[in-house]
Amino acid sequence: MPTTISRSNSTISNHRSIVENRSENKEGTTILWFDTDFSSRKDTEHVKEQLRLINDFVLCYADLEQCITFVQSTSKEKILLISSGKQASQLVSRTAHLRQIDSIFIFSLRVDRYQHLTREYPKIVGIYAHLGSLCQSIQQQIDRLDEQLQIFSIFDQSQQLGKDLSKRAAEFLWFQMLNQIVLRFPRNHQTKRQMIETCRQYYRGNIKELQMIDKFERDYQAEDAIRWYSKQSFVSKLVNQALRSKDIDQLYRFQFFIKDLSKSLAREHEQLLLFSEERTLTVYRGAKLECDEIDKLKANQGRLISTNGYLLCSRSRTLAFSLAKKATKRTDIVGVVFEMKYSIGHDGEQVALGDVVNFSEHPQKQEMLFDVNASFVLESVVTEDEVYVIRMNASAEGQKIARDYIELMSNEASEMSTEIIFGRLLCHMGEYDISQKYFERLSKESNGNDLAWIDFHIGRAHDLKGEWLQAQEYYKRTYEKMMSVKPARVRDAAYMLSNIGGIVHDQENYDEAVQYYQQALQLYKKYCPSEYKNIVQTLNIIAMIFRKQGKYDDALERLHEALKVEQIICYASSHIDMATTLNSIGDVLKRQKKFDEALEYFKRALKMQEKSYPSGHTDIAQTLSNIGCSQGNKRKFDEALTYHQRALEMREKCCPAAYVDIADSLNNIAWILDEQGEYDEAIDYYKRALKMQETHNSTGHIHIAQILNNIGTIRRHQKKYKTALHYHQRALELREKYNPTGYIDIARSLNNIAFTLDSQRKYDEARDYYQRALGMQEKDCPSGHVDMAWTWNRMGGTFRRQKKYTEALDCYQQALAIQERFYPAGHIDIAWTLSNIGSVHRKHGRFDEALEYHQKALGIEEKHYSSGHVNIARSLNNIGRILDRQDKHHEALLHHQRALTIHEKCHPSGHVDTAWTLNSIGDILRKEEKYIESLECHRKALAIQEKHTSTKYIDTVRSLNGIGCALGNQDQFDEALGYHQQALEMQEEFYPTGHIDMAHTLNNIAWIYDNQEKYDESFEYYRRALKIREQFHPSSHIDIARSLDSIAFILDNQGKHSKASDYFQRALKIYEKLHPNGHANVADSLSNIALCFEKENRCTMALDYYQQALSMYEKFLPVNHSKRVVTERSIHRVTEKTQNTVQCASCILR
């Protein structure tokens, strides 16, 4: 557990929770000290006392994981992290990238041992062996933080104000409204006493601050507010942090001081207007900022900016530049000067600015103070004398925007006061707890505010926190209040029904959710027919629910109704609203695999957005992303990449703080590159997205898990299974930890792990994970879920690779049954399952059945896809493989060539699937004795594989073997041998413990040596091939029989007919077991044995085997088949030999 310095003494006291520690820090800075050996340190208390003299809030941790968890849970403070040398590397590597970590100090006697960390992590200020130098360095960083510009908010003036605000816009508006809200807080004569008591309680044990609080209580007068704020006392620290953290309770306690400060500033502002001889003032603020903050400012030139609190600045340019250039050991921060121009006496509303020189303890600083709602136009960011100069003009535009927003919200919702709108903004900022507290306080001191809206917003805070039962209770209470008044507030009541529907929807009770939204829709249509926007929005939400349920036709019906309403209305914003509906229609069509139709709608939406929005609007970027995804689904990867890159460029330029959206674009680009086989480049994009999510989206664990899964999938494609497994397991851990009821997502992670284990041939482990995935899917939906079909299909693949074809077929049939239950006939996903069933029949040698299933799959795909889709190419290749096995080589070739045409169209620069198809064509051409054409195909395949894989890639083995075979068939044996040896070396590297595919390569090498009459070498390679097949195949596998045959032929060529006969006999037993009712292969074995006996002049035995062979050939082969003819001649020949032998024996006897 963490420890903190006691407020009553210097002993270490345990805290119940991390949250409790965090909530205690009412200042902006935390000193966090990590040391695993606190209990053994004799100077612990002394060190902590020294640290608290620098900064009041100090936390100590001895447990690494608890320390990291605290850091990750903190977002509103800056942390100065001190670590002992022990475990420093682990702590720093896992926290240095987090924005809340400002500076890092390592406290260790072994300074040299940790110097390398300062080069790796720029936030490390230094390594310290002595407490004095450590405290001095920390004090310097605290002083720098005190001089820092407070966190700022940015507002894009071009964006539309409405109910759905971005977090950034809401924050800007909240600070613009803050002053007038504080001034409206109900007056309470006890507020000063409450504030002082709060400060005493907080600073208990801190003698220095307690003395200052006593002085404040004794001497403070209203006209002293500026003096107390400017001296950087406890008052300014606590007020500034309350503002930055939007701590309503703290602001309420300090209201009397804030009111005094604002009134004092207003007076000084009046004095400035009356007596200043200057028409334009230029004031400065020197600071240090991180580089990404500079980039954010550069990206927002021309927009409004405001500080989240009061802004103290100076008339002295020299002083500001001196502060900006002040030396620091941090290497990742740069000096900046904010240069702010202020027009005095400008007509109209002005930003409040006061000269505070007469109140300052340092009059030489020539300080001036802006009020809390000051806003500026960010004009430019330039460099001057190695310092960034941020030029801004003070503007009252922020106050006007706030007034416009209040008016808009008041018009859209009756009885919604400024106080309610202010609290509502907190939810837009994600500050749900603060919003709830604010409205609960407002309900007790309503001061004329509408109680129905107050109840609603308490419910809304519960809703956004996932506390659905409490939220639903408040929403229903609000609905009843709105319907009970005369006249009934029907429009607002309909809005309540929609919110109840939203809760039920979040609970995944989709049918019930639709009922609530339908009720709301009926109210709008009946009582508020002019509420077009609400009607359209409700129709869109109902459509979204239908889409989630897979009821795509119902979803399209509602969306087209919404579109019709928008087309009829033609109000000013109609076109841009239509773009949202068009995008939604496109999304549903995309899910129906109707990619061409989807693209039409996305492009219509884009055209409207580009006409209505300024270039670079976030909605344009999203539509570009939608188009990119549809082009990707059509396998038009180059076009898709162009759209995704446009979206990324737009988001990075115009919305650099929209990290989630930027990460989404990075993910989309990575997916396209993955599909193109550009794996390393795809990994780079995924890692950029991952870093962005981990750094800027502390709650984005689900997004992080998805990226980890994507990286794992690519590593699996690259055959880097150990690395792939690592990423998939990390994703699973995140999902189980942060979304334990997200059974479908957890199941997907389990499936990914299973698939990776399957690729490692760890089939039993893989099946265990598939079973766990099925269990999760059944938990999510006991009546069945379409994802279960995916799991059954994958598990079937595992059984298939284990040669357990009966079990595989059962899995595929399970998948097919689920799909036929949940999908309409001919759904595209059914094609995958049909294809899998066909593959099992092919493995069983049931080629007619296999062909039927693959042709069904092809039929579905041709209906759903355009003629050039890669899935069609896959089915064509599957059919080609079967036709090839049926010795229908010409038909097989035609199917593979059709597949090749599709691949070359979809992947003009090449793809590994194109290489696979080329190899298949090359194999068939070789069987047709078209060796030159075959060689060309295999070489093309190899070139593609080498181009699209940066490292050795095991799939190139097939190309190398294909080239070797084509060369061998042309008697170019030495060159052929080189390619086969290269293939074998690659397999031995990838499969150090052996692999069944190695047997094929060993056979190819043996065949070359055989043709070169190097029988000993040939025998050795055939023997190695046999050994591998016996290792990986069951004892009666046909490939073992073929290896036995090959060895027998070598022995026969060496004149070792008796040994050859033994091998042929072993092969015969396998053939007979495989074909108990006879087969041409059995006849071949009988014939081979007969020939061996004949060569040994054992004619009786030879004749017997030839006759058995002929009997079987007559059963399975046509009359004129060459094998029947040859066997008949052999029988005639051996019969003559037997007769001649008998005649010779008779002559000898005579």
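Each position is counted from 1, following the chain as shown.
Every residue, even glycine, has its Cβ placed from backbone N, Cα and C.
TrEMBL annotations: computationally assigned, not manually curated.
Summarising the annotation, TrEMBL assigns compositional bias 'Low complexity' to 1-16.
The region 'Disordered' annotation in TrEMBL covers 1-20.
Looking just at the repeat 'TPR' (494-527), the mean pLDDT is 90. For 494-527 (among others), the entry in TrEMBL reads repeat 'TPR'.
Residues or ranges marked as repeat 'TPR' by TrEMBL: 536-569 (among others). DSSP assignment over the repeat 'TPR' (536-569) gives 31 helix, 0 strand, 3 coil.
The list of residues near the repeat 'TPR' (579-612) in space but at least 6 beyond its ends in sequence, with Cβ under 8 angstroms from a Cβ of it, reads 536, 540, 543-544, 547, 552, 555-556, 559-560, 562-563, 566, 619-620, 622-624, 626-627, 629-631, 633-634, 828, 864-866. Here TrEMBL flags 579-612 (among others) as repeat 'TPR'.
TrEMBL lists 663-696 (among others) with the feature repeat 'TPR'. With helix defined as DSSP H, G or I and strand as E or B, the repeat 'TPR' (663-696) counts 31 helix, 0 strand, 3 coil.
Sequence-distant contacts of the repeat 'TPR' (705-738) (same chain, at least 6 residues past either end, Cβ-Cβ under 8 Å): 663, 667, 670-671, 674, 679, 682-683, 686-687, 689-690, 693, 745-746, 748-750, 752-753, 755-757, 759-760, 949, 951, 953-954, 990. Feature annotation from TrEMBL assigns repeat 'TPR' to 705-738 (among others).
The repeat 'TPR' annotation in TrEMBL covers 747-780 (among others).
Annotation source TrEMBL lists repeat 'TPR' at 789-822 (among others). Counting residues 6+ beyond its ends, the repeat 'TPR' (789-822) has Cβ neighbours under 8 Å at 550, 747, 751, 754-755, 758, 761, 763, 766-767, 770-771, 773-774, 777, 829-830, 832-834, 836-837, 839-840, 843-844, 1033-1034 in the same chain.
Within the chain carrying the repeat 'TPR' (831-864), a Cβ under 8 angstroms from the stretch's Cβ atoms is held by residues 593, 789, 793, 796-797, 800, 803, 805, 808-809, 812-813, 815-816, 819, 871-872, 874-876, 878-879, 881-883, 885-886, all 6 or more beyond its ends. Residues or ranges marked as repeat 'TPR' in TrEMBL: 831-864 (among others).
Residues or ranges marked as repeat 'TPR' by TrEMBL: 999-1032 (among others). Taken residue by residue, the repeat 'TPR' (999-1032) breaks down under DSSP into 31 helix, 0 strand, 3 coil.
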- Task: State the residues, same chain only, that lie 6 or more residues beyond the ends of the repeat 'TPR' (536-569) and have a CB under 8 A from a CB inside it; answer 'none' if no residue qualifies.
- Result: 498, 501, 505, 510, 513-514, 517-518, 520-521, 524, 577-578, 580-582, 584-585, 587-589, 591-592, 786, 822
- Query: Do any residues of this chain, six or more beyond the ends of the repeat 'TPR' (663-696), have a C-beta under 8 angstroms from a C-beta of it, and if so which?
  - Reply: 97-99, 621, 625, 628-629, 632, 635, 637, 640-641, 644-645, 647-648, 651, 703-704, 706-708, 710-711, 713-715, 717-718, 907, 909-912, 948-950
- Under the DSSP assignment, what numbers of helix, strand and coil residues are found in the repeat 'TPR' (789-822)? 31 helix, 0 strand, 3 coil
